[in-house]
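Student: My questions will all concern the structure given below.
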Amino acid sequence: MDLERAINNNPIKRDSWKTVLTLAYQSLGVVYGDLSTSPLYVYKSTFAEDIQHSETNEEIYGVLSFVFWTLTLIPLVKYVFIVLRADDNGEGGTFALYSLLCRHARVGFIPNCQLADEELSDYTKDGSWSNDKGVKGSRLKSTLEKFRVLQRVLLVLALIGTCMVIGDGVLTPAISVYSAVSGLELSMSRELHQYIQLPVTCAILVFLFALQHYGTHKVGFLFAPIVVTWLVCISAIGLYNIVQWNPHVYQALSPYYMYKFLKKTQTKGWMSLGGMLLCITGSEAMFADLGHFSQLSIMIAFTFLVYPSLILAYMGQAAYLSKHHIIESDYRIGFYVSVPVAIRWPVLGIAILAAVVGSQAIITGTFSIIKQCSSLGCFPKVKIVHTSSKIHGQIYIPEINWVLMLLCLAVTVGFRNTKHMGNAAGLAVITVMLVTTCLMSLVIVLCWHKNVLLAICFILFFGSIEALYFSASLIKFLEGAWVPVALSFIFLILMYIWHYGTLKKYEFDVQNKVSINWLLALGPSLGLARVRGIGVLHTELVSGIPAIFSHFVTNLPAFHQVLVFLCIKSVPVPYVRPDERFLIGRVGPKEYRIYRCIARYGYRDVHMDDIEFEKDIICSIAEFIRSGKPECNTEIEETGDSERMTVVGTISSNLEGIKMCEEDADFSLSDTVGTSELREIQSPEGLRKRVRFLVPESPCIDMEAQEELQELVEAREAGMAFILGQSYVRAKTGSSCMKRIVINYGYEFLRRNSRGPTYALNIPRASTLEVGMVYYV
């Protein structure tokens, strides 16, 4: 299954302009759908109530100047030329920055991290501008590593940015589709329009979310042409309005008009900044979707098409409005007023399609960021469906999809106007940008090893601009801006409870794990009847014997002849190469036939299905037995336990290693692949399924290893059983009231309603055994 490496194994060919231009074209349909539809509602939201359009045109010129410089400084200068360079092995977004920081300073909260993880190939590749690590940022790094409270602040900051992205996933579809459908108001009476717009908007939203399970790849070829058509349409209309109504509107691009605007409008002008802010909605997608494309392709698409098209569109609207001061109050100052009457219906259709495309992009982005949070232990486990066998980022999460749909419909029905939706969306967007600016300033020092003054200049310049917009959005708290705050607060509490409970549960596992002396005292048979088969016991521990195993053997008199302690863990990198997937080691002496298998995944990796995963577990253990030479030492300092572990790849990556063939009992040997260069280790006849290891001729395998492989073959043929812990988490006696509420009710509710381990979703129930245990944390 190559899905997990479809993107990572196919790096962008920087010397191929055909590849770059193709990616730039494709990025239009994925990245810029939201940003390109902002002209639908920017002017309408800005002039909603705070300011009025007067005969002097100072207001409209001032708004145009603000829009122009905001688009230039934030998306173009900040994101395209600076932030896009802070990629995490090609990946972008809030969690990518946090992951990058966690690898350059020990500020992460992933509990089961190991020193061996730092030897991963992608762990040190961060695209730094400088190799001079010197002492720059060493004081900042030591301060962050010393104070636990600063680490928590950093985590909460990353979670706030993530929660606001989720809130944006609720608000963007609502305001985009509602604004696009609002074009109907110019083609029908007011009485009819008020009964048509809301039902049509809700119907389109339901249709949009209902299509999510098909995946964006089904209609991917339609997305880019729709956005290109929309961009050409709005730029052509803008150019027509400039030539037709006011060729001198370009003068409003001077920053002087911003000063005149604020001087005349004062407090009301400052409050209207929340509407102007909407011109950069979707800018964060350029960074968040970096993993699908490349820095150069996104830069080309924005610089040479999206940016000039948007500037022409806003200039065209301003030119039209500068000569039309008397506009019916019912229509206010919207996009469709400036569209020539003859083409309003076609433009309406294109606008609705573009709004759907933009909404699709933010919904998919919401799915991706929830997957990242879940992988790093900051969100309950959810069902993740990969809708494309080639593009790893195209996923579908059923539970989240329907929650987003209900919230989106609630916002649409509850507000019924772009003013309140715009206030809500604006606050969500600017909060994410502020978080990115803060994290980016740390990246400049800790990862790029630049001077602290450069980071201070970065955060002061861009942070002051964004803080101005943030204050203007926050002042509209009671007029819609409370929605993203409420949504983010709910998701933040949910995520922090899950993270806190997971951390405490892991600490309980570490404190109560069984010593190796206890295992040695049981002898090779563990004091039990060892029956044929392989028992795979899932645990979060990367060292030691989990307490749940002692609980199991205490209550049952038998266990499998081969025991595997399986730990599936996430590491703070986007991808783990297949040839570095597994860490394999022994627990106890060889004759005990107990192994530890640690499967490592990045936060954007695709977990394998159960069949491939089972084969990879067995083959990785077999390759470990054949090699017989551990490569790395993973030592857990808290306990003193030490286990020698070997890095082993998946079947697909280890072409010269052991292969496994599974056949029916009557399968003819002549039907298999040639074995001229391979030796066979087979199981005895008479079992229900034949399993064979195809072993390379050299180096030679000693008899002891051959016997161990033979026993592994017999156990595999007898079948595999998965032992999953069914934990019941409770707060310790004497814990504070808040902790009891969080653990006994909050975390326990989330645990009961979350998914189990990913690999266990498709395992037959007959092969699964759940062992219950109470955790007092």
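Cβ coordinates are placed from backbone N, Cα and C, and glycine is handled just like the others.
Heads up, TrEMBL stuff is auto-annotated, nobody curated it.
Small disclaimer: the values here were computed from a predicted structure and weren't measured.
If you look up TrEMBL, you'll see 23-520 marked as domain 'K+ potassium transporter integral membrane'. Annotation comment: TrEMBL describes 533-775 as domain 'K+ potassium transporter C-terminal'. What TrEMBL lists as transmembrane segment is 60-81, 153-175, 195-214, 221-243, 296-321, 333-355, 400-418, 424-445, 452-475, 481-498.
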Student: For the transmembrane segment (221-243), I need the partner stretch with the highest count of C-beta pairs below 8 angstroms, choosing only from 153-175, 296-321, 333-355, 400-418.
Tutor: 296-321
Student: Contact between the transmembrane segment (333-355) and the transmembrane segment (481-498) is defined here as three or more C-beta pairs under 8 Å separated by at least 6 residues; is that satisfied?
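Tutor: Between the transmembrane segment (333-355) and the transmembrane segment (481-498), which are separate recorded stretches, there is no contact, as judged by 3 or more close Cβ pairs.
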Student: Counting only pairs 6 or more apart in sequence, are there at least 3 Cβ pairs under 8 Å between the transmembrane segment (153-175) and the transmembrane segment (333-355)?
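Tutor: These two stretches do not touch.
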Student: Restricting attention to the domain 'K+ potassium transporter C-terminal' (533-775), give the mean pLDDT.
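Tutor: Across the domain 'K+ potassium transporter C-terminal' (533-775), the average pLDDT comes out at 74.
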Student: Using a Cβ cut-off of under 8 Å, list the residues of the same chain at least 6 residues beyond the transmembrane segment (424-445) that approach it.
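Tutor: That would be 45, 74, 78, 82-83, 86, 94, 97-98, 100-101, 136-137, 140, 154, 157-158, 160-161, 164-165, 167-168, 171-172, 175, 274-275, 277-278, 280-281, 283-284, 287, 411, 415, 451-452, 454-456, 458-459, 462-463, 466-467, 469-470, 473-474, 476, 480-485, 488.
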